[in-house]
Amino acid sequence: MVSVSGIRKVQRAEGPATVLAIGTANPPNCIDQSTYADYYFRVTNSEHMTDLKKKFQRICERTQIKNRHMYLTEEILKENPNMCAYKAPSLDAREDMMIREVPRVGKEAATKAIKEWGQPMSKITHLIFCTTSGVALPGVDYELIVLLGLDPCVKRYMMYHQGCFAGGTVLRLAKDLAENNKDARVLIVCSENTAVTFRGPSETDMDSLVGQALFADGAAAIIIGSDPVPEVEKPIFELVSTDQKLVPGSHGAIGGLLREVGLTFYLNKSVPDIISQNINDALNKAFDPLGISDYNSIFWIAHPGGRAILDQVEQKVNLKPEKMKATRDVLSNYGNMSSACVFFIMDLMRKRSLEEGLKTTGEGLDWGVLFGFGPGLTIETVVLRSVAI
């Protein structure tokens, strides 16, 4: 008679979860940050607010963003004038866009990841879909299964409204699924669209104005699995450990509410300070078991919530400027794409490491960290191990 422990052993993978493929995608509409203030105040019929426009221009300049991708074009906004007001009911129009566009761009990213993976789609056993954009029943995870033609028996997990920390959350969930289900192959898709948050300016809401200068659209797809098939699957990173922390006393620092005007949000000025004050605790908890205390000796994939956050974390940990280069490059070229951002950084890092002839996917280093920061205030920490190139 087979023992319960024997059955459980057979059901589980032997090795750690690994990243097997990465794909990214953006809407074709690319905006120039240097001229966005003019565009934004024109399309929202707010050019009479000259002082606020000047303030918004300064905010745009301080972001250190050069370009962002957005589904919303001037034509779409003209067809939906309520989306250009600060406080006009427009949720129906926004939701209709989300249900269509979030899975569409997600499919584009997923198709790229599946192609790199090199295995038939029939081997995908689980789907994790994450978005802060819109809500539907059945979810956009269902829509993606239809668009891709995935097996209807794929076990799916729909994560709505997690926010900017969720890149770490989906990895934490995927690691558990891959390591506890033999031969599991988990497709993660994070797809974000700012049509849910776009609105006109208000002199009494600087949080919204900062968001209009910072957030962008994008999707990333990742395939996670343990025990890679030799000569077929090529690991990119190993997922060593994961952790989540709700920072004490940080209630009200970051959050959002779904209203008739769309998704409204608030961003406390203390957010960069809260994150930087808690970053060393997160690092020590993650790396003390590995005997690592020099955080310049690891590679960094940090969610680019904004320039001030990166600056304060860099200063607090005494990081060399090059440690955040991949993160800052993604922020500069794409803006803040919420949950998808960390995977754009991961993709850039592994490609750049190969191009520069480094020995591992993690800038030539063995160990690294992935951080997600978001509503709560929540910090997600993922310890990564690179793979030899």
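Every residue gets a Cβ built from N, Cα and C, even glycine.
Annotated active site per Swiss-Prot: Cys164, in sequence order, evidence recorded as experimental evidence. Applying an 8 A CB threshold to same-chain residues 6+ apart, the list for Cys164 (active site) reads Ile254, His303, Gly305, Asn336, Ser338, Ser339, Cys341, Gly372, Phe373, Gly374, Pro375.
Applying an 8 A CB threshold to same-chain residues 6+ apart, the list for Lys55 (substrate binding site) reads Leu209. For Lys55, Phe56, Gln57, Arg58, Leu267, Gly305, Gly306, Arg307, the entry in Swiss-Prot reads substrate binding site.
Comparing local CB density within 10 A for the binding-site residues Arg58, Arg307, the maximum falls on Arg307. Around Phe56 (substrate binding site), the same-chain residues at least 6 positions away in sequence with a Cβ under 8 Å from its Cβ are Ala37, Tyr40, Phe41, Pro201, Leu209, Gln212, Ala213.
The local packing around Gln57 (substrate binding site), expressed as other Cβ atoms within 10 Å of its Cβ over all shown chains, amounts to 18.
In the three-state DSSP assignment, the secondary structure recorded for Gly305 (substrate binding site) is coil.
When the binding-site residues Gly305, Gly306 are compared by the number of other C-beta atoms lying within 10 angstroms of their own C-beta, Gly306 comes out lowest.
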